[in-house]
Amino acid sequence: MESGNSTRRIPSFFLLGFSENPHLQFLIFVLFLSMYLVTVLGNLLIIMVIITQSPLHTPMYFFLANLSFVDICFTSTTVPKMLVNIQTQSKAITYADCISQMSVFLVFAELDNFLLAVMAYDRYVAICHPLYYTFIVNQHLCILMVLLSWVVSILHAFLQSSIVLQLTFCGDVKIPHFFCELNQLSQLTCLDSLSSHLIMNLVPVLLAVISFSSILYSYFKIVSSICSISSVQGKYTAFSTCVSHLSIVFLFYSTGLGVYVSSAVVQSSHSAARASVMYTVVTPMLNPFIYSLRNKDVKKALERLLEGKL
């Protein structure tokens, strides 16, 4: 005799993607495959340049190499599964795979968030306390900050996964997205729990606000320090070291904010998926170009690497 409370039916999960139109699937496949390859190759090139070129063996580029690695993993969490689903003409994803994808995505999303804050702190010390820079931002501190970012990101993902595993889904779960995203899963439960929804929605926002606030504080001190420099050339030199990082910060947080605004304002089942493309795919793809085009040290290192290969 089977008790209704003793067993729990595992629902079927489906990723609806961007469009139900079958004629658009090939175009979407080619577009995302191209962006994924550019993302992986571009970030791998940045990592290779930093590892092989000794002038780039500094804290600033140590953090950049970590950011490039995280961006590769960040995109690899979502895009390959979407490409496989398009290729096989299947929208299905298992419950275990969905939870795993959501958890891993959360880890790398928060790592991006924390690493941008760490990089802002690095620029703050370099510009505001240049005489003590090598003493303060030493190898031990660099490794410690990266490890701490990993630990907090993993703990956050574990917390969210634990909550999602307790949620009840009624019937088949059709996710209007191209990956298992936390906010989408929280909206598809059939038994609402106010405390669970508060944690699922507020904790990521709180972590983002903390990191963004630390970035704002770092740049407030940086701007104050730059304004005190008397020479125009000195101001330009100091600020030029921050331009690439500022560009990435703007892309990351503006596109992330756009996802939440779009999903809240636009009442479309696929609006959140389309908006999140900038946040999850385009930004990691553009990061290597921003650093290679705007950063003289990286451009010179790239030239030396290419000359050595030819």
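Positions of Cβ are set from backbone N, Cα and C atoms, glycine also.
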Based on Swiss-Prot, are THR52 and GLU303 on matching sides of the membrane?
yes
Could you check whether the transmembrane segment (26-46) packs against the transmembrane segment (273-293) - three or more CB pairs closer than 8 Å, residues at least 6 apart in sequence?
yes
Taking helix as H, G and I and strand as E and B in DSSP, count the residues of the topological domain 'Cytoplasmic' (47-67) in helix, strand and coil.
18 helix, 0 strand, 3 coil
With a Cβ cut-off under 8 Å, give me the same-chain residues at least six positions beyond the ends of the topological domain 'Cytoplasmic' (47-67) that come close to it.
112, 115-116, 118-119, 122-123, 126, 137, 142, 146, 241, 248, 287, 291, 297-298, 300-302, 304-305
Proximity of the transmembrane segment (241-261) to the transmembrane segment (136-156), 3+ C-beta pairs under 8 angstroms:
no
What stretch, picked from 68-88, 101-121, 203-223, has the most CB pairs under 8 A with the transmembrane segment (136-156)?
101-121
